[in-house]
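The structure appears right after this line, and notes come after that.
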Amino acid sequence: MRRKKKRYRKNGRPRGIGVAFREFQKDKIALVSLFLLVLFILFVFIASFFIDQEQLMRINLYDRYSRPGEKYLLGADQGGKDILGQLIIGARNSVSIALAITLITGFIGIVVGLICGYFGGWVDYIIMRIIDFFVTIPSLLFIIVFVTLVPKYSITSFILIMSLFLWTGTARLVRSKALSESKRDYVSASKTLGTSDFVILRREVAPNLSSLLIVELTLNFAGNVGIETGLSYLGFGLPPTTPSLGTLVSYANNPAVLQQYWWVWLPASLLILFMMLAINYIGQALRRSVDVKQRLG
Amino acid sequence: MSFMQIIDLKVHYPIRGGFFNSIVDWVYAVDGIDMEFEQGKTYGLVGESGCGKSTTGKAIIGLEKITSGKILFEGEDVTKERKSRTSHFHREVQMIFQDSHSSLNPRKRIADILAEPIRNFLNLTPREERKKIDELLAIVGMPGDSKEKFPHEFSGGQKQRINIARALATNPKLIIADEPVSALDLSVQAQVLNFMKDVQKEFGLTYLFISHDLGVVKHMCDYIFIMYKGRFVECGTKQDIYQNPKHLYTKRLLNSIPATTPLGREKRKWARQEFEKMYEKHIHKAFDENGRVYDLIPISDTHYVSASSVKEVV
């Protein structure tokens with residue numbers, strides 16, 4: 001029997017992970033992106049263990065704007081702080097913040113979306129009006145106000161504030177899919193077979209949304225990497241004692257830095273570009289493997 | 001002796017509109033029907049698309065809200081009890097859906113699909129559960145290794161047999177079959193129907209067989225309800241309906257059954273056209289001034305016809 005199954009697998013078309021794997025094989029850019037991104041994230045997380053943040057952020061005026069290779073590998077900024085060290089810690093912060101925001105907003109969005117789509121009626125109506133409210137208010141302004149109001153401002157409070165505004169997109173997407181999925185006969189069948197609503201949601205509806213969710217969360221992750229750096233650039237992101245890619249880029253607001261000291265802002269900009277592009281390419285390859293019509297392989 | 005009665009079942013849907021989204025009108029999907037079910041019989045529910053057949057089935061099992069009316073099961077009023085998913089009623093009444101494909105969750109293996117009712121209604125050990133699943137697969141004539149497969153690996157007929165196996169898992173008394181074969185091709189239809197008959201004999205099941213296919217209904221059913229616009233037009237045993245139809249709408253339905261022989265095609269076509277003319281002329285008499293179907297009047301012990309008075313029944 002086992003042999004029979006194996007032969008079937010061999011002849012049959014690939015499914016699940018097999019499809020995603022083939023999609024990556026066909027799309028070389030996505031494959032390279034995946035490889036480099038995994039390598040980069042591993043490097044950043046391991047290297048950040050060996051860097052003392054307080055030591056790194058200490059101002060040292062003798063090394064002000066020292067060129068790459070003079071004392072530090074990538075030079076120093078206006079405070080004489082090592083650019084390479086700031087890049088590593090900044091990238092680690094960006095990635096972990098983006099990951100945390102993606103997971104929190106993903107969880108809230110999935111739960112709310114499933115409940116809305118499955119139960120419908122007045123539950124759906126009330127929650128959707130709340131979501132509409134969150135979508136219509138200018139979230140960036142509110143985030144800035146929150147950031148200035150919160151007394152003890154840290155990475156955790158930043159994550160929570162961002163998550164408060166970013167769960168609505170996922171919730172809407174999951175709702176729309178759950179709405180169509182809940183009308184399928186297998187849900188009705190489960191009801192007549194005595195399964196409770198909670199179990200139907202978790203065991204029947206949610207697994208059928210999984211492929212869509214993986215894609216949505218990957219692309220959200222790419223967006224969330226940009227959010228932290230964007231806000232830090234504006235000066236409302238992480239506190240100034242924490243190194244951030246956005247802070248490095250914001251030094252380019254000074255025309256002198258922009259023209260003469262390119263090593264301060266250019267590596268950080270390139271790093272942001274690389275991360276966003278890589279995650280987007282991976283997300284697109286995943287999306288194609290989920291949608292039969294778009295597949296390359 | 002009937003074990004289940006349906007009394008004056010009504011399912012009305014509001015039509016909302018206007019500025020305040022108030023109720024403008026009602027759709028009378030099911031508008032006052034009475035049924036009785038006896039052990040081991042098959043009941044056919046026939047009618048054109050949109051006449052309320054499926055809604056009736058879904059309302060009985062609790063997938064649709066009932067506007068008014070009562071459902072009595074073994075002498076008890078279960079109209080409220082239907083809402084609790086693990087009630088005795090739900091164990092005894094099961095449903096087979098029209099679309100065999102979409103009624104099986106594509107992400108679950110057959111073993112898990114069949115285990116769902118077992119886990120909800122029967123407290124079995126994992127070992128007994130596996131044995132029960134093997135039994136069910138054997139009943140519906142599926143090989144044992146189908147347990148590990150996913151629904152998309154089966155043909156339409158096989159999928160419908162899995163649906164039947166799942167409905168049989170709790171040893172129900174009544175199975176509501178909502179057009180169980182209309183999505184299958186003819187040879188597979190016969191296979192599934194004969195199989196359903198075999199299962200019925202073996203377990204003493206009662207079927208409520210919802211269909212628009214008069215040939216299938218004739219093959220399967222002992223007792224037939226003809227439905228039109230949410231109400232019964234005529235009901236009676238198979239002989240009453242097929243040999244002695246009384247209502248004009250029933251006659252027209254039976255007239256529309258195609259003959260299998262090509263001989264005399266022209267003649268039949270002419271006869272059909274004549275009948276259609278007669279139907280157009282007299283149909284207004286069969287319903288009241290609002291187009292509503294009259295209440296049923298008994299014309300024999302088993303045979304009921306809707307008419308304004310006994311005199312009207314020709």
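A Cβ is built for glycine as well, from the same backbone N, Cα and C atoms used for every other residue.
The annotation transmembrane segment is assigned in TrEMBL to A:29-51 (among others). Long-range contacts of the transmembrane segment (A:29-51) within the same chain, counting only residues at least 6 positions beyond its ends with a Cβ under 8 Å from a Cβ of the stretch, are 23, 85, 88-89, 91-92, 95, 274-275, 277-279, 281-282, 284-285.
Annotated domain 'ABC transmembrane type-1' per TrEMBL: A:91-283, in sequence order.
If you look up TrEMBL, you'll see A:97-119 (among others) marked as transmembrane segment. Using a Cβ-Cβ cut-off under 8 Å and counting only residues 6 or more beyond its ends in the same chain, the transmembrane segment (A:97-119) has close neighbours at 127-128, 131, 155, 158-160, 162-163, 166-179, 181-182, 197, 200-201, 205-206, 209, 213, 216-217, 220-221, 224-225, 227-228.
As annotated by TrEMBL, transmembrane segment applies to A:126-149 (among others).
Sequence-remote contacts of a segment are chain residues at least 6 beyond its ends whose Cβ falls under 8 Å from one of its Cβ atoms, and for the transmembrane segment (A:155-174) they are 93, 97, 100-101, 104-106, 108-110, 112-114, 116-117, 127, 131, 134-135, 139, 142-143, 146-147, 209, 212-213, 216-217, 220, 224, 227-228, 237-238, 242. Per TrEMBL, transmembrane segment is recorded for A:155-174 (among others).
Sequence-distant contacts of the transmembrane segment (A:212-236) (same chain, six or more residues past either end, CB-CB distance under 8 Å): 93-95, 97-99, 101-102, 105-106, 110, 143-144, 147-148, 158, 162, 166, 169-170, 173-174, 177, 244-247, 249-250, 272, 275-276, 279-280, 282-283, 286-287, 290. Under the heading transmembrane segment, TrEMBL lists A:212-236 (among others).
For the transmembrane segment (A:262-283), the list of distant contacts is 27, 29-30, 33-34, 36-37, 40, 65, 67-68, 74-75, 77-78, 83, 87, 90-91, 94-95, 215, 218-219, 221-222, 225-226, 229, 245, 248-249, 251-252: same-chain residues at least six beyond its ends, Cβ to Cβ under 8 Å. Residues or ranges marked as transmembrane segment in TrEMBL: A:262-283 (among others).
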